[in-house]
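Worksheet: one structure, shown below.
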Amino acid sequence: MEHSVPKNKLKKLSEDSLTKQPEEVFDVLEKLGEGSYGSVFKAIHKESGQVVAIKQVPVESDLQEIIKEISIMQQCDSPYVVKYYGSYFKNTDLWIVMEYCGAGSVSDIIRLRNKTLTEDEIATVLKSTLKGLEYLHFMRKIHRDIKAGNILLNTEGHAKLADFGVAGQLTDTMAKRNTVIGTPFWMAPEVIQEIGYNCVADIWSLGITSIEMAEGKPPYADIHPMRAIFMIPTNPPPTFRKPEHWSDDFTDFVKKCLVKNPEQRATATQLLQHPFIVGAKPVSILRDLITEAMDMKAKRQQEQQRELEEDDENSEEEVEVDSHTMVKSGSESAGTMRATGTMSDGAQTMIEHGSTMLESNLGTMVINSDDEEEEEDLGSMRRNPTSQQIQRPSFMDYFDKQDSNKAQEGFNHNQQDPCLISKTAFPDNWKVPQDGDFDFLKNLDFEELQMRLTALDPMMEREIEELRQRYTAKRQPILDAMDAKKRRQQNF
């Protein structure tokens, strides 16, 4: 439910408001979840009574990215893009005050209801999203992280683009960008290949988001993201798992988004004229879906509150029994829901299951620094960078960092390199499932299944390490040859 009706609509924070402490201007009500670079809270603007969202970002976070997000939001004025009202510094945090979208993200709604969206609902969401993209692209901006998690709905059903933490600006002197930034499963092929890209990279991501809204997850979500990054540029464009369940118009819309050649990919303006979007129903059809999701959210919050109260009571009892020798652990963060799920073969029903790879790998991937780009922006910039030095693809650094983080968290609890684990843990004669064919598993006994499950992570690490070694073996001779040529040129 929204808060009280605003006394007058907040357009921008006044100079007077910006000189005060944020607590004097806002009442913070509750934590909504985690966004790029910070936590997001629901708050009320005391003077107008309007509900807003406040992103609190630790100053030690990547300040350049935060400033970029603020800069892009400041320049935007569209009903299809989340509005920016102002910002504050408070202790070690930067407070960014933004428009509040009461229904949350489309991915939140899917998770809360345990259902995917219908075609009519998807068309309505896509129409607003395309209008937001048309506006951004007209302003020469690329969002670069379009996905269901970054499409927010207000309580009336209007969709708005959010989370500009990785958005980029195109200038007249720079037709294409060359940084790999975004979320792996939603990335356009040209972004992964680092061959330069423009606004239509967002259109590919929108096509993937269309499948995500229809099926509950993007294509390749069940495989390791590193493999996905190699498969997206080489495989044909992904399609629905069961195309016969969807109309010709919807299938054709997704097909036009997922054209591998960016020169042949449709623009946001062109897609707004597509029959699937032209025939979209008004936002009022989303109200039942939003009401159901918000009711589910309120119910879950009540259940969490009850559990916390019960835990507190139990803790107090245990403390008394143990004569104050027990240390009470902190409660879980009540942030954005992280449950993941897979879709059943039936219509729109999601079956929740335990933690999967999808849960830990759908976060935004910000890989290359734009430092060099920003410096070049100040002077003249070449249309197509032609540096003679061939650099290691930047997405490899991302996986190095992921592996490093896993090691720090005690991921290698066996205290040995998973790549060096004896092959007896996973014999070479084990059958590897192809294209999701897992029928042979039914014939295995429980112990063999358990053994396979235990060996899966080390097996994955070994395969990745072998892939890395093959890559290095191919790359090093090229670098050596280049160095030799450079030395000859210098001697010349």
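Every residue, even glycine, has its Cβ placed from backbone N, Cα and C.
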Please find, within the list 286-328, 372-414, the residue stretch that Swiss-Prot describes as coiled coil.
286-328
Given the ranges 35-68, 205-238, 443-476, which one is assigned the annotation coiled coil in Swiss-Prot?
443-476
What number of additional C-beta atoms lies within 10 angstroms of the C-beta atom of E34 (ATP binding site)?
15
What does the structure give for the C-alpha distance between L32 (ATP binding site) and D145 (active site, proton acceptor)? Integer Å is fine.
20
